[in-house]
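A.B. asks: Take a look at what Swiss-Prot says about it:
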TOPO_DOM  1-117  topological domain 'Extracellular'
CARBOHYD  59  N-linked glycosylation site
CARBOHYD  70  N-linked glycosylation site
CARBOHYD  93  N-linked glycosylation site
TRANSMEM  118-138  transmembrane segment
TOPO_DOM  139-158  topological domain 'Cytoplasmic'
TRANSMEM  159-179  transmembrane segment
TRANSMEM  182-202  transmembrane segment
TOPO_DOM  203-238  topological domain 'Cytoplasmic'
TRANSMEM  239-259  transmembrane segment
TOPO_DOM  260-289  topological domain 'Extracellular'
TRANSMEM  290-310  transmembrane segment
TOPO_DOM  311-341  topological domain 'Cytoplasmic'
TRANSMEM  342-362  transmembrane segment
TOPO_DOM  363-376  topological domain 'Extracellular'
TRANSMEM  377-397  transmembrane segment
TOPO_DOM  398-549  topological domain 'Cytoplasmic'
């Protein structure tokens, strides 16, 4: 260090309790150059335990020496590794306790505006819209399943996380660079931060463990299908979601006591400034080392990352093996494999977008260093991770995409892509008072075909009724015209083309039926199967119904 320098002394204040703050720190400037010995002697002679000295060379704006007396009682950079969680600068030396931070020429304000004020807000709004659409589609009756309920819970957590990200990082980053939204920056943000910040941390933890739960559910369904009947049920999925939320709430409960709101009257102006500052708990070195660094790293990153990596490797191996034997897979097994492939993409995106935050937390925990630009990018990546699942569902989820088009583009699809359904049905007399009704349908849409076969057991009122209902020739069953097959008195056959459906999703049987409260076992042609009782409008019962749709 050179022999002469210009020294500037900045008096640091111990953070008081919430309330009106005392006058701002006082700056002392020495007009001429002083020697190192004079500087150190002046520093040691100053009273008060919270004094910091910044030594500036004459031709440099950056200090070459910083001396903090009794630094365990003051706020140091090392004690604030997570100020970015609140959108605050980790070193409050540059500002008063509360200060108007509007400065469009400051590089940090410009970067924060474009990364947080623009990108986080745009991505967040689109992500909220996508998650709402995902929740609507996944909650449809035809999408009712354990995995879809878990994905709905994941969308809920991601939506809350995006909202808190916008409130904490997106909107407050606009004012320091543009001068707009001062009312939010000064009168809203400081008062909601003590509650919104812990809610955001709860949502982040819940989102991570919902991703873990989804992967675990897919692992059981793909690798242990026999256990899936007991473990992967709709009721258990609700329990898994509640457990994840309760665990996240319990783990992040101390966050509610980490920050507080302070007020400061601007000297010479009729304005009261508000800002957020860390509480005494948040300034505790033990709390920071144990809870902020190690617990956060282990609970939010190490445990879920390692578990997700292992489970997805096992799922990928099973999917790869199944693809080699795809010809021998049943339709339900192919559907499970396709769903597992889609969720593999979800987890891969999760790894990619959370890798930088993981590196950043490791750097803070072990090296006590932090780059504010990287922190802002890290917050953006976490927001993107909570916003992209809808796109993955649209790209890889065939049924999800079909229902999405049906809900939001129903009229256009009906006009531009009419459906063509070929329907065939046959009814034979069993000779014991019942009819064996077999129907098949072929559904053509967008150049593809889908077939279904349905078997009914219809009571006719007595054996040998001469066809259907004891009549000969033509009869009517549920508004369906039956034609007697010549030479076969016990066989009635129907063949017709059904009118186009209003959308791409078709349910068979298409006639109006009401589902009774009970399920029964019915026997058709000596084949026993389990199904639902269906009741026609004329009170005739249909036995087992099995649909290939």
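Note that the numbers count up from 1, one per residue, in the order the chain is shown.
Note that Cβ sites are derived from N, Cα and C of the backbone, with glycine treated the same way.
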A.B. asks: Going by DSSP assignments with H, G and I as helix and E and B as strand, what are the residue counts for the topological domain 'Extracellular' (260-289)?
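C.D. replies: Within the topological domain 'Extracellular' (260-289) the tally stands at 5 helix, 13 strand, 12 coil.
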A.B. asks: Apart from its near flanks, which chain residues at least 6 from the ends of the transmembrane segment (239-259) lie with a Cβ under 8 angstroms of it?
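C.D. replies: Contacts with the transmembrane segment (239-259): 86, 149-150, 153, 157, 193-195, 197-198, 201-203, 205-206, 209-210, 213, 217, 276-279, 281-282, 287, 291, 295, 299.
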A.B. asks: Give me the stretch from 159-179, 182-202, 290-310, 342-362 with the greatest number of Cβ pairs under 8 Å to the transmembrane segment (118-138).
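C.D. replies: By Cβ pairs under 8 Å, 159-179 leads among 159-179, 182-202, 290-310, 342-362.
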A.B. asks: In the same chain, who gets a Cβ under 8 Å from the transmembrane segment (159-179) while lying at least 6 residues past its ends?
C.D. replies: 85-87, 101-104, 106, 109-110, 112-113, 115-117, 120-121, 124-125, 127-128, 131-132, 135, 185, 189, 192-193, 196-197, 199-200, 203-204, 207, 376, 379, 382-383, 386-387
A.B. asks: Which sequence-distant residues neighbour the topological domain 'Cytoplasmic' (139-158)? Criterion: at least 6 residues beyond either end, Cβ under 8 Å.
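C.D. replies: Residues packing against the topological domain 'Cytoplasmic' (139-158) from afar: 127, 131, 203, 206-207, 210-211, 213-214, 217-218, 221, 232-234, 236-238, 240-241, 244-245, 339, 343, 386-387, 389, 393, 399-400, 403, 505.
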A.B. asks: Could you pull out which residues elsewhere in the chain have a CB under 8 Å from any CB of the transmembrane segment (377-397), counting only those six or more residues past its ends?
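C.D. replies: Residues 84, 115-116, 119-120, 123-124, 126-128, 130-131, 133-134, 137, 151, 154-155, 158-159, 161-162, 165, 169, 204, 207, 338-339, 341-342, 345-346, 349-350, 353-354, 356-357, 360, 404.
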A.B. asks: May I have the DSSP-based helix, strand and coil counts for the residues of the topological domain 'Cytoplasmic' (203-238)?
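C.D. replies: With helix first, then strand, then coil, the topological domain 'Cytoplasmic' (203-238) has 33 helix, 0 strand, 3 coil.
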A.B. asks: With helix taken as DSSP H, G or I, strand as E or B and everything else coil, how many residues of the topological domain 'Cytoplasmic' (139-158) land in each class?
C.D. replies: 16 helix, 0 strand, 4 coil
A.B. asks: By DSSP, what is the split of the topological domain 'Extracellular' (363-376) into helix, strand and coil residues?
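C.D. replies: Result for the topological domain 'Extracellular' (363-376), in helix, strand, coil order: 10 helix, 0 strand, 4 coil.
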A.B. asks: Let me know the model's mean pLDDT on the topological domain 'Cytoplasmic' (139-158).
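C.D. replies: The predicted confidence over the topological domain 'Cytoplasmic' (139-158), as a mean pLDDT, is 94.
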A.B. asks: Which sequence-distant residues neighbour the topological domain 'Cytoplasmic' (203-238)? Criterion: at least 6 residues beyond either end, Cβ under 8 Å.
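C.D. replies: Non-local partners: 144-147, 149-151, 153-154, 157-158, 160-161, 164, 244-245, 247-248, 251-252, 299-300, 304, 307-308, 311-312, 314-315, 318-319, 333, 336-337, 339-340, 343, 346-347, 350, 382, 386.
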